[in-house]
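S.K.: Straight from Swiss-Prot, here's the annotation block:
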| type | residues | note |
| --- | --- | --- |
| TOPO_DOM | 1-6 | topological domain 'Lumenal' |
| TRANSMEM | 7-27 | transmembrane segment |
| TOPO_DOM | 28-45 | topological domain 'Cytoplasmic' |
| TRANSMEM | 46-66 | transmembrane segment |
| TOPO_DOM | 67-110 | topological domain 'Lumenal' |
| TRANSMEM | 111-131 | transmembrane segment |
| TOPO_DOM | 132-203 | topological domain 'Cytoplasmic' |
| REGION | 142-171 | region 'Disordered' |
Amino acid sequence: MSLYYTLVFAILVVEIFMFSILALPIPSRYRRPLTLLLLKPFKSSTVQVAIKCVLGFILLLFIDCINRVYSIDKELQLSSASQNNGAIIAQDRIEVLSRKFFAQRNMYLTGITLFLTFVVVRTFGLVIELLTMKDIYRASPPVASSDVKKNDSVTAEAAAQSGASKDDHGDEKNFELLKKIQDIDDEIARLKEKSESLQEEIN
């Protein structure tokens, strides 16, 4: 394996290690500092430019490998078509198949490295988003279930009063708005109960 493909393999090993760290079921108190530690070097503009250059170089290697596999296939077909000397053809065929094997290996190596790069970047984004949502949830004041029920009862009474006024004054628009507010309050209460259950499962 040449030097640049050895470097590509080293990059692939690093990406596999980072993806494994992100995918492991680590508790939140350890996951956040570990994720920030892994993400810290990539915040530098110099590192970002270097990564883009390396990815561009790997992409060129990937395209070159595809072109090489295609040309070797054509050469293999031509060598199979011409069967003048059996011993020479067999020896040439082994050499061509060997070059095809190495070209396919390099193509798979560069291709999976590019694919795993995008997977790791997307996984980083999802983990950071999850940690941010957890921080927002923990920073928000807890809402008691009694307060939620009280708000629901107040909204229901307001809707009932609005229905009475609708019959008396024909204010349909006000009645529809209060009904929408009641539906939104019910949805908020349902989401809060769901988030509390999820938080209990996480902790």
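Note: Cβ is positioned from N, Cα and C throughout, glycine not excepted.
For each listed feature, how buried is it and what is near it?
M.R.: Averaged over the topological domain 'Lumenal' (1-6), the predicted model reaches a pLDDT of 82.
With a threshold of 8 Å between CB atoms, the same-chain residues lying at least 6 positions outside the transmembrane segment (7-27) that come near it are 1, 34-35, 38, 54, 58, 61, 109-110, 112-113, 116-117, 119-120, 123-124, 127.
Sequence-distant contacts of the transmembrane segment (46-66) (same chain, six or more residues past either end, CB-CB distance under 8 Å): 4-5, 8, 11, 103-104, 106-107, 110-111, 113-114, 117.
Sequence-distant contacts of the transmembrane segment (111-131), counting only residues of its own chain at least 6 positions beyond either end whose CB sits under 8 Å from a CB of the stretch, comprise 8, 11-12, 15-16, 18-19, 22-23, 28, 31-32, 35, 38-39, 55, 58-59, 62.
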S.K.: Kindly report the helix/strand/coil residue split of the topological domain 'Cytoplasmic' (28-45) according to DSSP, in that order.
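M.R.: DSSP composition of the topological domain 'Cytoplasmic' (28-45): 17 helix, 0 strand, 1 coil.
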S.K.: By Cβ distance under 8 Å, which residues at least 6 away from the ends of the topological domain 'Cytoplasmic' (28-45) in the same chain are close to it?
M.R.: 18, 21-22, 51, 124, 127-128, 131, 134, 202
